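What TrEMBL says about this protein:
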- A:20-41: transmembrane segment (TRANSMEM)
- A:76-101: transmembrane segment (TRANSMEM)
- A:137-157: transmembrane segment (TRANSMEM)
- A:169-186: transmembrane segment (TRANSMEM)
- A:193-210: transmembrane segment (TRANSMEM)
- A:216-231: transmembrane segment (TRANSMEM)
Amino acid sequence: MNATPYSYQLQPGKVRAEFFRLLPISLFVVAFGAAFGLAAVQKGLEPLQALLMSTTVFAGASQFAAVDMWGSEVPLIPLIAVVFAINSRHLLMGASLYPMLRDMSPGRRYGLVLFLTDANWAVSAQDYQNGKRNLEVILGGGLAIWIAWIIGTWLGVYFGGLLQDPQSLGLDMVLGCFLLAMALGGNKSPRTLVAWAVAAISSLAAWKWLPPNTHVVVGALAGGAIGFFWLEKKPDHEDQVSAEEETSA
Amino acid sequence: MTIETTTAGILALIAIMTLVTLVTRFGGVFLMSFVTINPRIESFINTMASSVLIAIIVPMAFSGDAGSLAALVVTAVIMLAIKKPLPAIAAGIAAAGLVRYTGITTL
């Protein structure tokens with residue numbers, strides 16, 4: 001056991017701490033879950049089917065889109081296309097965690113990303129930018145959000161609209177505000193700001209002119225391209241500064 | 001091709017959705033295991049990561065009503081001013097509620 005070549009060990013205490021760190025946002029996830037549960041039964045899903053979907057799919061926006069397509073029949077290819085397009089941001093999110101995930105055994109690596117979702121990933125990505133390796137939040141925070149999503153769905157299917165109009169309280173903006181706060185909490189070098197501008201413009205253009213639900217991937221890749229061509233000079237990367245003057249000791 | 005929403009049909013649909021979502025959760029990690037991480041790739045990954053958030057948020061701000069725009073603007077201002085996420089988020093949500101309470105829908 002001690003001979004493991006994988007250096008990243010999840011710390012149980014930190015996993016627990018990250019669970020509690022994301023509990024506040026999880027309360028709002030309960031509200032979204034209730035909205036989903038209600039929408040699902042209104043579209044004709046049985047309560048247990050809605051619960052099963054929330055438990056195994058665990059991707060809110062795509063679940064809303066799927067039950068929107070529900071009828072006596074569901075067209076298969078459009079369903080797959082919509083679910084894939086909405087969730088395609090997971091591809092990029094998972095890839096961005098790879099520098100940390102590669103220090104884990106493949107079993108743990110893929111087990112961990114079962115819990116990958118916007119909020120816990122945003123925390124992990126922000127911590128990484130600030131020099132902290134935090135995969136514990138993917139597990140601990142992910143568990144908090146997953147449980148909240150299931151409880152919310154359960155409330156929604158059995159008790160319906162607990163909140164008559166969550167929008168009037170601004171609750172639909174919780175995730176957006178959370179993600180924005182995470183983005184602005186990261187480092188803001190000139191390079192990052194240029195990437196953000198490029199990401200903003202290309203995601204808007206994609207949202208306007210490209211097929212629906214492609215804007216996140218398009219914007220993120222366009223922003224990433226800035227990073228690919230514009231390398232920040234770090235003294236610890238000697239291959240990058242070899243042609244420059246070494247100033248640090 | 002369509003699937004009827006009988007019990008078996010619904011279970012099949014849920015299974016398919018689960019599988020597709022799993023592919024997206026696993027796919028990026030799996031593909032990266034073939035990529036050698038050099039400083040250029042790492043720079044790409046880091047810039048892309050923060051761009052994901054921007055690409056989610058900006059179209060959200062433009063497609064929503066005045067309330068959602070207010071929420072994001074207030075969150076951004078407070079976050080930049082005091083650098084504490086929770087007050088920034090709370091103020092953003094309150095701003096959305098307030099703007100909607102006044103009945104303003106577009107700016």
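Cβ coordinates come from backbone N, Cα and C, glycine included.
Annotations in TrEMBL come from automatic prediction, not curation.
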Distal contacts, the transmembrane segment (A:20-41) - CB-CB under 8 A, six or more residues away:
47, 49-51, 53-54, 60, 63-64, 67, 119-120, 123, 137, 140-141, 144-145, 147-163, 166, 171, 174-175, 178
Honestly, do the transmembrane segment (A:76-101) and the transmembrane segment (A:169-186) touch, with at least three Cβ pairs under 8 Å and pairs 6 or more apart in sequence?
no
Chain residues outside the transmembrane segment (A:169-186) and at least six past its termini with a C-beta under 8 angstroms from it:
25, 28, 31-32, 118-119, 122-123, 125-126, 129-130, 163, 192, 196
